[in-house]
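What Swiss-Prot records for this protein:
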type     : residues                                                                     : note
ACT_SITE : His472                                                                       : active site, proton acceptor
BINDING  : 22-23, 42-43, 58-59, 63-67, 131-132, Thr161, Tyr200, Asp334, 341-343, His472 : FAD binding site
BINDING  : Arg166, 198-204, 221-222, 226-228, 292-293, Lys315, Glu341                   : NADP(+) binding site
DISULFID : Cys59-Cys64                                                                  : disulfide bond
MOD_RES  : Lys68                                                                        : N6-succinyllysine
MOD_RES  : Tyr131                                                                       : phosphotyrosine
Amino acid sequence: MNGAEELPEMYDYDLIIIGGGSGGLAAAKEAARFNKRVMVLDFVTPTPLGTRWGLGGTCVNVSCIPKKLMHQAALLGQALRDSRNYGWNVEETIKHDWERMTEAVQNHIGSLNWGYRVALREKKVTYENAYGQFVGPHRIKATNNKGKEKIYSAEKFLIATGERPRYLGIPGDKEYCISSDDLFSLPYCPGKTLVVGASYVALECAGFLAGIGLDVTVMVRSILLRGFDQDMANKIGEHMEEHGIKFIRQFVPIKVEQIEAGTPGRLRVVAQSTNSEEIIEGEYNTVMLAIGRDACTRKIGLETVGVKINEKTGKIPVTDEEQTNVPYIYAIGDILEDKVELTPVAIQAGRLLAQRLYAGSTVKCDYENVPTTVFTPLEYGACGLSEEKAVEKFGEENIEVYHSYFWPLEWTIPSRDNNKCYAKIICNTKDNERVVGFHVLGPNAGEVTQGFAAALKCGLTKKQLDSTIGIHPVCAEVFTTLSVTKRSGASILQAGCUG
């Protein structure tokens, strides 16, 4: 057209999202709210054992949701035992039915998968169960499970592919071991189980497996819960050991062999010490690997469009607006470099990104003071800095740690676990004793932590906590009466529920 300005290229979509997990779906639905043409590509590569699942990503299918439900199964077993002391006549032997539990959990997950499909359809988001790979600028190839390929174009792209469990790279690991991707839909009870790893996934799974009555051993290479407050991590480990979970420390598996096939079968694990030549062997019905997760970024054609990744970790560096080094490509969730790997973070980031792209918003995702909970038998809630990080950031002389054990009233009648629940706050003495770290070990830790997380966002100080009247008799009230500092070395042991 003579003299006319060149028209912009017409794309099939305004936004194509690779990954149908919590973050990707949140971004898709939010972008659709602003009448944008949105497509979601989601594809689950089966595990080495062949496990696959529906729309919704890791959290819904193979992490937070089934994990919390199975943790609840274990808590109910403890509640049944406690109930005898409260006058209930409960049979001496309590049996757990694995198949019944997994069927109920999988039925619930199935309803969630269906709900996500319906929500996308209602919001006019195009969904394809296909594997997305960049093939050129603004272009992506979608391959379905039958191998059929289609090419789509979009003005902008969002990578929200998440992570998958890492394997050891030893003989027998992919042939005979399971991961958390397999555990929650395992069609038979795992029996005597070895959990390899010290991640929160490892300890949570070990905890509920032991809680439903299984023989559980955890093999740990170095420390528990790397990245978390180590004082809290060690208390979790001690509590798990006291409740029958065995720990093999400073060993790593070097070979897994099948002794007998079956559901479950029998496996032999050969492991080597991390600091000597010592070799040990053990027999288990199931070996579950929980040694970490790897970002799903290496096989989606990023090199074709020039998106930079950290070659060692596969993580994607982004700006504070989740933009990659390629301006029209964004990324959110667990695949981001140096960001918190949590579902609600991905959801928040996805929503806010869509609002910035399509609604003129300037609000960015705040990755500071993100609360989290580890659902070990004794739950661990945290917000803000670990003690180690606080010392590193402010200097040991500029922090004050207030702490106390506490005994939930409900546990006094069965007379169990006194001086196991623990509360700790870390304060910056140079900033009006502002609370920079909040940590609690006890029942319902997530429920306790959530409200305090809002307070930390508002700049909570020790004085404000002290002037807050507690609710009696609940666990959270301990935070309104903390008076003993770690520095003082004074006793924090409790004689009763009211301190």
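Here the Cβ of each residue, glycine as well, is placed from N, Cα and C on the backbone.
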Separation of alpha carbons, the residue listed as 'N6-succinyllysine' and Leu203 (NADP(+) binding site) (Å): 13
Lys68, Tyr131, Arg166, Ser222, Phe228, Lys315 filtered to the recorded positions whose C-alpha is within 10 Å of Thr343 (FAD binding site): none
For the recorded positions Lys68, Arg166, Lys315, His472, the one whose C-beta sees the most other C-beta atoms within 10 angstroms: Lys315
Nearest of the recorded positions (Tyr131, Tyr200, Phe228) to Ser63 (FAD binding site) - Cα to Cα: Tyr200
Under 8 Å by Cβ from Phe228 (NADP(+) binding site), counting only residues of that chain that are 6 or more apart: Tyr200, Val374, Tyr380, Ala382, Ser386
Proximal residue to Cys59 (disulfide bond) among binding-site residues Ser22, Gly132, Ser222, Lys315, Asp334 (C-alpha distance): Ser22
When distances run from the Cα of Ser222 (NADP(+) binding site) to each of the recorded positions Ser22, Phe43, Pro66, Lys68, Asp334, the nearest one: Asp334
By Cα-Cα distance, the member of recorded positions Tyr131, Arg166, His472 nearest Pro66 (FAD binding site): Arg166
The residue listed as 'phosphotyrosine' versus recorded positions Ser22, Phe43, His472 - nearest by Cα: Phe43
Among Cys59, Cys64, Leu203, the most crowded of the recorded positions [Cβ within 10 Å]: Leu203
Ser22, Ser63, Ser222, Thr343 as binding-site residues, winner by CB count within 10 A: Ser22
Nearest-integer angstrom distance between the alpha carbons (Cα) of Lys315 (NADP(+) binding site) and Ser22 (FAD binding site): 18
Shortest C-alpha distance to His472 (active site, proton acceptor) - which of the recorded positions Phe43, Lys68, Gly132, Arg166: Lys68
Distance check against Gly132 (FAD binding site) for the recorded positions Cys64, Lys68, Arg166, keeping those with Cα within 10 Å: none
